[in-house]
Amino acid sequence: MANKNLETRKRRAWNTNVFVKQLMAISGLFFVMFVIVHAYGNLKMFLGQEAYDEYAHWLKGDAFYPLLPEGGLIVIFRTAMILFALVHILAAFHTWRVSNKARADRYSVKKNVADSYAARTMRVSAVILLFMIAFHILHFTTATIPAGFDASETSPYMRMIGAFSNPALVVLYAVFVGTVAMHIGHGIWSALQSMGWLRRNTQHVTVVIGGIVAAIVFVMFMLPPVAIAFGFIS
């Protein structure tokens, strides 16, 4: 009887852990999509000030109007971002706590594929990302830290120009984007694994795909800052 109860508890814990990892995977894939769309939007810097500012103001104001009220998209989006972030962080904390209690978990597949620098430093990169995302919001969104531009500057285009005319901010941004890319590179594999969508013969391919996506994200994000720093965008 005692063994049966123990097996029941183990099964419940197993199911809970799998469910939590799937929540973390879904929220993580949402952020990957957001990062790609965000990087694409930043490339509009190459179209000039008018095009970039119009795009930024469209996102914050007239997007999908009148289906949504003016500014409705950004409210919905930011609310979703906060909820997904909380889910991702809480799920990651739960997974970390469980893995510390039982390092020999059957669910943890052999890490011959993901046993990489990125895989071993996911938690460290996550902490770095939290601080740098906060800085990014305070820098560009709220202008609480108006490094490189005046806080009264309302043009998103000119804020980008002012910020990345400073080489130190370009380097800091490269570290930030590099951390994002590393997190995405391993996160794609981990998310698909948690969802049960991988097989032994597809694991290596997925790792390669994750690396390619991470590299593309890094290049897309860094093109505007580097172009500004070297005077191609002014």
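Positions of Cβ are set from backbone N, Cα and C atoms, glycine also.
TrEMBL does not curate its annotations; it predicts them automatically.
The annotation transmembrane segment is assigned in TrEMBL to 20-40 (among others).
Residues or ranges marked as transmembrane segment by TrEMBL: 73-93 (among others). If you look at the transmembrane segment (73-93), the same-chain residues 6 or more away from its ends with a CB under 8 A from one of its CBs are 20-21, 23-24, 27-28, 30-31, 34, 59-60, 63-64, 123, 126.
Marked as transmembrane segment by TrEMBL: 126-149 (among others).
Per TrEMBL, the feature transmembrane segment maps to 169-192 (among others).
Among the features that TrEMBL reports, transmembrane segment is placed at 204-233 (among others). Tertiary neighbourhood of the transmembrane segment (204-233): same-chain residues 32, 35-36, 39-40, 42-43, 45-46, 113-114, 160-161, 164-165, 167, 169-170, 173-174, 177-178, 180-182, 184-189, 192, 198, selected by CB-CB distance under 8 Å and a gap of 6+ residues from either end.
Counting same-chain residues at least six beyond the ends of the transmembrane segment (169-192), those with a Cβ under 8 angstroms from any Cβ of the stretch are 24-26, 28-29, 32, 35, 113-114, 116, 118-119, 121-122, 125-126, 128-129, 132, 136, 147-148, 163, 198, 203, 206-207, 209-211, 213-215, 217-218, 221-222, 225-226, 228-229.
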